[in-house]
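Working notes for the structure below.
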Ligand code: NDP
Ligand code: HSE
């Protein structure tokens, strides 16, 4: 057997702990798969003396160090699971320049500065693998990067953030408001103490950028992704979605498109109504799924656990076996493919169907004025649903309150639910502005995109 490969682990948190434990517990099997043993030579953390569940009292405790630079310098393979931009970037570049292969789960870094890392790895002739950076355990990076390399991907549509999927699912199944559902997600350890990265869509946007880069052979950074989180989604939105046969999901979408005659791609993250019949509508709890449409392959769906220590460690160890095999047998994994360099088109040119909920005066001619506002901006109406006094046909107010309480103070308000045919975002935005200016429109209650129809 060739000499053991020295593996340096940067980080021993949720993911790193599971990677370390599995390296220890499955050492023999991993050695058989690689062709030599993987020797974990150290684990870099901020505080090497702090007690750690799953590490303290095991042989792994002796490997903890707070000198990440020294650890990287002696390694054949560096596994980076510390997260954040710095010092992760400097350590990865140091590892690459020193001739080590790198496995990372760091979506934030890849989405911000991936090309710098890819270029360094290419120059040094080493592997840079990152399956765990998108959707945890789900094999999606490799399928898009390698298995579909002979096809033309048209569209990638994904639920890539487990926390927000859990929150939206609880809102749908238990009627919770967003804040309550986020608290539940925090109690279960899905959401961080500061849930902003998940709730506001930054985490999903980073993953969208990585997937778009791979799918369309184009450099896409997180700054290219049009991002809207779920913080404005209400329990009433979720209930209305259910009544119309939809489920609200936070989607990451990357697709080929044309704007003003220019062919390019659009990458966006936002909540959307997904028809209940679509496979993504059935993705429950904290699970993730990615739906890929390719010219020759047709529709593909990848589903599984997108987060958590053990699921994420699975993806990391898969990468580790691959890069280690290359070091034993020779050869290299794929390098960055950005030859297509497609323009990233403006977000407001994306074409989508919309559902718009309006509170309007309930009197003759109102519908005509609303319809005229849409027609003026070339937005075509697919369906209109009206309920009087702001109440739906099932006797509940549109905001989910009992109708009886409101009946004591009857108003002349009607609630309109408009569904449009596909229209450019910019046309819809202009339409909403026009509707807001109409005297007969009391409130534009919500505007939601409809995807996957
Ligand atoms: P944690 O915060 O749980 O762990 C981070 C680890 O890195 C800790 O051990 C910490 O040390 C160490 N660390 C952080 N900064 C430094 C530093 N400057 N020097 C030395 N060590 C440092 O993160 P996770 O395990 O949750 O995530 C790790 C990576 O994996 C991130 O990039 C994340 O985006 C990605 N990822 C995470 C998933 C998940 O479900 N958690 C899923 C998919 C990807 P100390 O313990 O001493 O503080
Ligand atoms: N916070 C992420 C999620 C997990 O909720 O999916 C790490 O990617």
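Including glycine, each Cβ sits where the backbone N, Cα and C put it.
Annotations in TrEMBL come from automatic prediction, not curation.
Between the listed ranges 385-408, 409-432, TrEMBL ties the annotation region 'Disordered' to 385-408. Secondary structure at residue 11 (NADP(+) binding site), taken from DSSP and collapsed to helix, strand or coil, is coil.
When the binding-site residues 12, 15, 16, 17, 107, 192 are screened for a C-alpha within 10 angstroms of the C-alpha of residue 207 (active site, proton donor), the residues that qualify, in sequence order, are 107. The separation of residue 107 (NADPH binding site) from residue 10 (NADP(+) binding site), Cα to Cα, is 15 Å.
Within the same chain, residues at least 6 positions away in sequence whose Cβ sits under 8 Å from that of residue 17 (NADP(+) binding site) are 52, 53, 54, 55, 309. Sequence-distant contacts of residue 14 (NADP(+) binding site), defined as residues of its own chain at least six apart whose C-beta falls under 8 angstroms from its C-beta, comprise 308, 309, 312. Counting Cβ atoms from all protein chains shown, residue 15 (NADP(+) binding site) has 26 others lying within 10 Å of its own Cβ. For the pair formed by residue 192 (L-homoserine binding site) and residue 16 (NADP(+) binding site), distance between Cα atoms is given as 17 Å, rounded to the nearest Å. Packing around residue 12 (NADP(+) binding site) is summarised by its Cβ count: 26 other Cβ atoms lie within 10 angstroms of its Cβ, all protein chains included.
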